[in-house]
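Copied over from Swiss-Prot:
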BINDING   Gln35, Tyr36, Arg37, Asp38, Lys39, Asn67, Thr105, Lys135  4-amino-2-methyl-5-(diphosphooxymethyl)pyrimidine binding site
BINDING   Asp68, Asp86  Mg(2+) binding site
Amino acid sequence: MKLRGLYAITDSQLLAGKFLAYVEAALDGGVTLLQYRDKSSDEARRLREAEKLRELCSRYKTQLIINDDAELAARLGVGVHLGQTDGPLTPARALLGSKAIIGSTCHSQIELAEQAAKEGASYVAFGRFFNSNTKPGAPAATVEMLAQARARVQLPICVIGGITLENAEPLVAHGADLLAVVHGLFGADSTQEVTRRARAFNDLLKISV
């Protein structure tokens, strides 16, 4: 499977009261990967929401990714995204199997991406590239670094951090395969606007939905 397209990431606070409606609106516009990101300790609720997302993703032929929780991903039979504080990828690969999608946060360090590739990552993520509400303290990445990463890393490259329709084009031009978006997608006033934005991100990547 070629990993290229819009990578939608949920935010529980941003989507409060409209969670499934906005997610489905995004899926309707075309989403390659959907990451369920919820840092709360309410495991029962997280399982409930993740199961609903798995059902939606199945309907729209989108791959579901769980943030930072390989055990939940294994329980649901979906992929996982791991940060640098979540340990090596090898145990997650062993747990989830050879076909699961596993992503790795690499901040702005190409060496981390090369290591992740050796450990069996499906894609690597660099960022933040712009000011971000979700990760305000994350180390900054540059388009120059992205171009270098594209030359050195064979895996699909995901970019994250304050990405909007207005600033995404240079990232695509410098080698990004996946545009990871939170507020730039879900910070919309209506489900119709979420769908429009999703389609517009796919247009930037020359992907027809």
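Each residue, glycine too, has its Cβ placed from N, Cα and C.
Location within the structure of each feature annotated in Swiss-Prot.
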{"residue": "Gln35", "record": "4-amino-2-methyl-5-(diphosphooxymethyl)pyrimidine binding site", "Cβ within 10 Å": "25"}
{"residue": "Tyr36", "record": "4-amino-2-methyl-5-(diphosphooxymethyl)pyrimidine binding site", "Cβ within 10 Å": "25"}
{"residue": "Arg37", "record": "4-amino-2-methyl-5-(diphosphooxymethyl)pyrimidine binding site", "Cβ within 10 Å": "17"}
{"residue": "Asp38", "record": "4-amino-2-methyl-5-(diphosphooxymethyl)pyrimidine binding site", "Cβ within 10 Å": "18"}
{"residue": "Lys39", "record": "4-amino-2-methyl-5-(diphosphooxymethyl)pyrimidine binding site", "Cβ within 10 Å": "9"}
{"residue": "Asn67", "record": "4-amino-2-methyl-5-(diphosphooxymethyl)pyrimidine binding site", "Cβ within 10 Å": "20"}
{"residue": "Asp68", "record": "Mg(2+) binding site", "Cβ within 10 Å": "17"}
{"residue": "Asp86", "record": "Mg(2+) binding site", "Cβ within 10 Å": "17"}
{"residue": "Thr105", "record": "4-amino-2-methyl-5-(diphosphooxymethyl)pyrimidine binding site", "Cβ within 10 Å": "24"}
Separation of alpha carbons, Asp86 (Mg(2+) binding site) and Tyr36 (4-amino-2-methyl-5-(diphosphooxymethyl)pyrimidine binding site) (Å):
16
Distance, Asp68 (Mg(2+) binding site) to Arg37 (4-amino-2-methyl-5-(diphosphooxymethyl)pyrimidine binding site) (CA atoms, angstrom):
8
Quick one: Cα separation, Asp68 (Mg(2+) binding site) versus Asp38 (4-amino-2-methyl-5-(diphosphooxymethyl)pyrimidine binding site), in Å?
9
With H, G and I counted as helix, E and B as strand and the rest as coil, say where DSSP puts Thr105 (4-amino-2-methyl-5-(diphosphooxymethyl)pyrimidine binding site).
strand
If you measure Asp38 (4-amino-2-methyl-5-(diphosphooxymethyl)pyrimidine binding site) to Asp86 (Mg(2+) binding site) at Cα, how many Å is it?
15
Take the C-alpha atoms of Asn67 (4-amino-2-methyl-5-(diphosphooxymethyl)pyrimidine binding site) and Asp86 (Mg(2+) binding site) and report the distance between them in angstrom, rounded.
10
For Arg37 (4-amino-2-methyl-5-(diphosphooxymethyl)pyrimidine binding site), just give me the three-state DSSP call.
coil
